[in-house]
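J.: Encoded as structure tokens, here's the structure I'll be asking about.
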Amino acid sequence: MSEERGMKEQTISEMAQEMAHTTSEGLKKRIRKLYTFDELPAWQKDNELILSGYVRETNSVKECLRAMTYFNNESINIYTHLIPGVAYLVLFLIFADLVLAQLLPGLDAGEHRMLRFYLLGAFTCLACSSCFHCLKQHSEPHSRLWSKVDYLGILAQITCSTISLLYYGYHSYPSHFVFFSTLTVALCSACAVLVLNDSFNTVAFRPLRAFLFMAFGLSGVIPVLAGSYQFGFAEWAARIQLKYVLYEAVFYITGALVYGFRIPERFAPGKFDMVGHSHQIFHLLVVLGTLCHFRAVTGSYIFICTGKHYSSLLMFI
């Protein structure tokens, strides 16, 4: 009887020790959420100049989403595009009808469509980017998939930006608008074919990716020069709000160069792991670029519909 009781006590003790060990290991896993570059699987190693702060392969959408609740080297990348993306979605839903229509009731409501078109493009770009940075650590297949989605979002943003501004710039010349819009869509399609190629999404093609998107963005220079020749510089600058378009270009080009050359972590590996590395700077500059274009396309819309700048209104936009 006592022997049987002793065996039961031993069994209970072993079970308790096993449960304690399991709990301890689970606690360690929960505490140890971040990893160094050297601890990552090969497919996750993208930027060897960022040495720590990584979320390791999760194989779980739930764990990827949970990573949004603690600070890691992707947190700023996620939220710098998630928050503005939600803001653009709200603007897409209410800006034209509840803001412009109230402040300037005489404007043609039908002309809102290209303004909405741009806001939808900005939302799509930022939403795709946020999803990529949130879900990229799931697994290699998911990372490749969401990387393509991210790049397609960028192409959508560039396309919507160019077409929306061309619409107001060539408002009274539909044939010009159709020609340059068709050219923009053709270039976008060519870039999309490359983006969907798996080889294009490897680390070796990082500089080429930056150059490609920068070149596609700069293709908008062609209709800008043509418009300046056709309308004269002063009128064309007013039609497309050229000053803000130039600001936008500066932000995008600077962001692409920072991303492509991995500045500043190139000069101090490990010092900018959590805050201040190139991809975070790139994200912030992209957001600033989208704001400049929003300002430009809104001003262009008002100018075309009224022939006036309404600077007192636009200073708040």
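Numbers run from 1 along the shown chain.
A Cβ is built for glycine as well, from the same backbone N, Cα and C atoms used for every other residue.
Heads up, here are the entries from Swiss-Prot:
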{"type": "CARBOHYD", "residues": "Asn73", "note": "N-linked glycosylation site"}
{"type": "CARBOHYD", "residues": "Asn197", "note": "N-linked glycosylation site"}
{"type": "TOPO_DOM", "residues": "1-80", "note": "topological domain 'Lumenal'"}
{"type": "TOPO_DOM", "residues": "102-113", "note": "topological domain 'Cytoplasmic'"}
{"type": "TOPO_DOM", "residues": "137-148", "note": "topological domain 'Lumenal'"}
{"type": "TOPO_DOM", "residues": "170-175", "note": "topological domain 'Cytoplasmic'"}
{"type": "TOPO_DOM", "residues": "197-210", "note": "topological domain 'Lumenal'"}
{"type": "TOPO_DOM", "residues": "232-243", "note": "topological domain 'Cytoplasmic'"}
{"type": "TOPO_DOM", "residues": "265-283", "note": "topological domain 'Lumenal'"}
{"type": "TOPO_DOM", "residues": "305-317", "note": "topological domain 'Cytoplasmic'"}
{"type": "TRANSMEM", "residues": "81-101", "note": "transmembrane segment"}
{"type": "TRANSMEM", "residues": "114-136", "note": "transmembrane segment"}
{"type": "TRANSMEM", "residues": "149-169", "note": "transmembrane segment"}
{"type": "TRANSMEM", "residues": "176-196", "note": "transmembrane segment"}
{"type": "TRANSMEM", "residues": "211-231", "note": "transmembrane segment"}
{"type": "TRANSMEM", "residues": "244-264", "note": "transmembrane segment"}
{"type": "TRANSMEM", "residues": "284-304", "note": "transmembrane segment"}
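So that I understand the layout, could you describe where these features sit and how close they are to other parts?
T.: Take the CB of Asn73 (N-linked glycosylation site) and look out to 10 A: across all protein chains shown you find 22 other CB atoms. According to DSSP, Asn73 (N-linked glycosylation site) is assigned to coil rather than to any helix or strand.
DSSP classifies Asn197 (N-linked glycosylation site) as coil under the three-state reduction. Other Cβ atoms within 10 Å of the Cβ of Asn197 (N-linked glycosylation site), summed over all protein chains shown, number 12.
Only residues 6 or more beyond the boundaries of the topological domain 'Lumenal' (137-148), in the same chain, are considered here, and those with a CB under 8 A from a CB of the stretch are 41, 43-44, 54-61, 64, 67, 74, 131, 195-196, 198, 201.
Outside the topological domain 'Cytoplasmic' (170-175) by six or more residues, the chain places 223, 227, 230, 239, 304 with a CB less than 8 A from a CB of the stretch.
Sequence-distant contacts of the topological domain 'Lumenal' (197-210) (same chain, six or more residues past either end, CB-CB distance under 8 Å): 45-46, 144, 147-148, 151, 256-257, 259-261.
Long-range neighbours of the topological domain 'Cytoplasmic' (232-243) within the same chain, counting only residues 6 or more positions beyond its ends whose Cβ lies under 8 Å from a Cβ of the stretch, are 165, 168-169, 171, 224, 295-297, 299-300, 303-304, 309.
Tertiary proximity for the topological domain 'Lumenal' (265-283) is limited to same-chain residues at least six positions away from its ends with a CB under 8 Å from its CB atoms, namely 47-53, 71-73, 76-77, 80-81, 129, 255-256, 258-259.
Away from its own ends, the transmembrane segment (176-196) comes close to residues 148, 151-152, 155, 158-159, 162-163, 166-167, 169-170, 212-213, 216, 219-220, 222-223, 226, 230 of its chain (Cβ-Cβ under 8 Å, at least six residues beyond either end).
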J.: State the residues, same chain only, that lie 6 or more residues beyond the ends of the transmembrane segment (149-169) and have a CB under 8 A from a CB inside it; answer 'none' if no residue qualifies.
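T.: Contacts with the transmembrane segment (149-169): 114-115, 117-118, 120-122, 124-129, 131-132, 177, 180-181, 184-185, 188, 191-192, 195, 201, 209, 213, 216-217, 219-220, 223, 227, 236, 239-240, 245, 248, 290, 293, 296-297, 300-301, 303-304.
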J.: Any residues 6+ beyond the ends of the transmembrane segment (211-231) with a Cβ under 8 Å from its own?
T.: 151, 154-155, 158, 161-162, 165-166, 169-170, 173, 176, 180, 183-184, 187-188, 191, 194, 237, 239-240, 242, 245, 249, 252-253, 256-257, 260
J.: Any idea what the model's mean pLDDT is for the topological domain 'Lumenal' (265-283)?
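T.: PLDDT averaged over the stretch: 97.
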J.: By a Cβ-Cβ criterion of under 8 Å, what residues six or more beyond either terminus of the transmembrane segment (244-264) are in contact with it?
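T.: Same-chain residues near the transmembrane segment (244-264) but 6 or more away: 47, 49, 161, 165, 206-207, 209-211, 213-214, 217-218, 224, 271-272, 276-279, 281-286, 288-290, 292-293, 295-296, 299.
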